[in-house]
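Per Swiss-Prot, these features apply:
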- 3-23: transmembrane segment (TRANSMEM)
- 55-75: transmembrane segment (TRANSMEM)
- 80-100: transmembrane segment (TRANSMEM)
- 117-137: transmembrane segment (TRANSMEM)
- 156-176: transmembrane segment (TRANSMEM)
- 187-207: transmembrane segment (TRANSMEM)
- 231-251: transmembrane segment (TRANSMEM)
- 255-275: transmembrane segment (TRANSMEM)
- 280-300: transmembrane segment (TRANSMEM)
- 334-354: transmembrane segment (TRANSMEM)
Amino acid sequence: MMLILIAVGIALAVSILLTPALIRLFTKQGLGHEIREDGPPSHAKKRGTPSMGGVAILAGIWAGYLGSHLVGMAMGGDGPSASGLLVLGLATVLGGVGFIDDMIKLKRARNLGLNKTAKTVGQLFAAVLFGVLALQFRNGDGLTPGSAELSYVREIATVTLAPALFVLFCVVVVSAWSNAVNFTDGLDGLAAGAMAMVTAAYVLITFWQYRNACATAPGLGCYNVRDPLDLALVAAATAGACVGFLWWNAAPAKIFMGDTGSLALGGIIAGISVTSRTEILAVVLGALFVAEVTSVVVQILAFRTTGRRVFRMAPFHHHFELVGWAETQVIIRFWLLTAIACGLGVALFYGEWLTAVGA
């Protein structure tokens with residue numbers, strides 16, 4: 001537990017201190033955000049706000065993760081694990097794709113970065129690499145970071161994927177989550193605040209998996225997860241970095257995370273869900289992100305098939321703005337919904353464990 005607190009503290013400190021430095025740097029260089037040309041009129045005042053704050057988030061996550069491990073190793077503990085490094089590697093590669101996208105937007109002074117093909121290729125590369133490596137690095141207990149068995153709160157033994165199908169599954173999961181967080185990042189602090197809650201929930205889940213791991217505490221309800229404590233450190237560092245960034249990103253935002261941050265954070269959810277064997281449970285925890293990306297899909301399908309739009313604008317947080325909700329109302333209400341979803345997800349996780357142990 002001490003290492004988890006250290007990861008949170010370091011990540012928060014790095015993020016909250018580095019972000020204002022980025023604000024000054026990007027402002028001096030004139031690297032301001034361009035808004036959607038068809039976006040809500042109230043967003044016009046956001047033009048010119050520095051972007052690419054995801055650099056501070058990623059720096060905070062890595063600092064929190066590595067810093068907690070330095071302390072742990074000084075006390076005789078283990079170093080970074082394959083699972084933790086795979087998740088952070090996935091997030092970093094996706095963040096790199098987002099960084100290129102952000103830079104192109106800023107250079108062109110338009111809200112148009114990488115074309116869809118280039119962006120998809122970048123996400124595909126990250127997902128395939130993650131999927132292939134997730135089935136490697138078998139430890140002494142025979143566990144790999146990922147599992148070919150589909151998982152709810154633990155592996156579903158009746159649904160086993162061939163290695164190639166598992167990699168394809170990872171492509172779907174990574175693409176879905178990275179795009180979901182990307183679409184959610186449209187209001188000041190919305191994505192950062194929601195992400196902090198989801199990863200905080202994952203701290204509880206993965207730490208519980210660590211305390212009830214089959215490798216150290218075999219018995220009813222134990223979990224076959226390769227590196228649950230390390231995943232808790234990744235989740236804790238992410239939560240801390242998001243809170244630190246939120247200090248500057250809360251309405252009215254002084255900086256935006258950009259695709260650098262949103263794609264990376266989507267990678268965090270995707271990576272942790274796969275390596276903690278909770279791919280289906282993640283849909284409950286990240287219900288806001290799921291709803292946001294679903295609204296975009298529904299809007300596109302409805303318009304192409306009927307010529308009519310379901311929402312005034314998608315992602316649907318903009319719909320609520322256009323029907324009269326203030327931006328801060330949308331943000332706070334969506335945060336509340338995220339808190340409820342995370343509470344429900346943790347309750348489902350714990351309830352399944354109680355059932356497994358016969359309580």
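Just so it is clear, glycine is given a Cβ too, placed from its N, Cα and C backbone atoms.
In this chain, the transmembrane segment (117-137) does not touch the transmembrane segment (334-354); fewer than three CB pairs sit within less than 8 A of each other, excluding pairs fewer than 6 residues apart.
Note on the transmembrane segment (55-75): residues 3-4, 6-15, 18-19, 22, 84, 88, 91-92, 95, 99, 192, 233-234, 236-238, 240-242, 244-245, 257, 260-261, 264-265, 268 of its chain, located 6 or more positions outside it, place their CB under 8 angstroms from a CB of the stretch. Residues 52, 54-55, 58, 61-62, 65-66, 69, 113-114, 119, 122-123, 125-127, 129-130, 133-134, 136-137, 139, 145, 174, 178, 182, 226-227, 230-231, 233-234, 258-268, 270-272, 275 of the same chain sit 6 or more residues outside the transmembrane segment (80-100) yet have a Cβ under 8 Å from a Cβ within it. Sequence-distant neighbours of the transmembrane segment (187-207) (same chain, 6+ residues past either end, Cβ-Cβ under 8 Å): 1, 4, 57, 181, 225, 228-229, 231-232, 235-236, 238-239, 242-243, 245-246, 249-253, 257, 261-262, 265, 268-269, 272, 276, 278, 281, 285-286, 288-289, 317, 321, 327, 330-331, 334-335, 338-339, 342, 345-346, 349.
Counting Cβ pairs under 8 Å to the transmembrane segment (231-251), the top-ranked stretch among 3-23, 156-176, 280-300 is 3-23.
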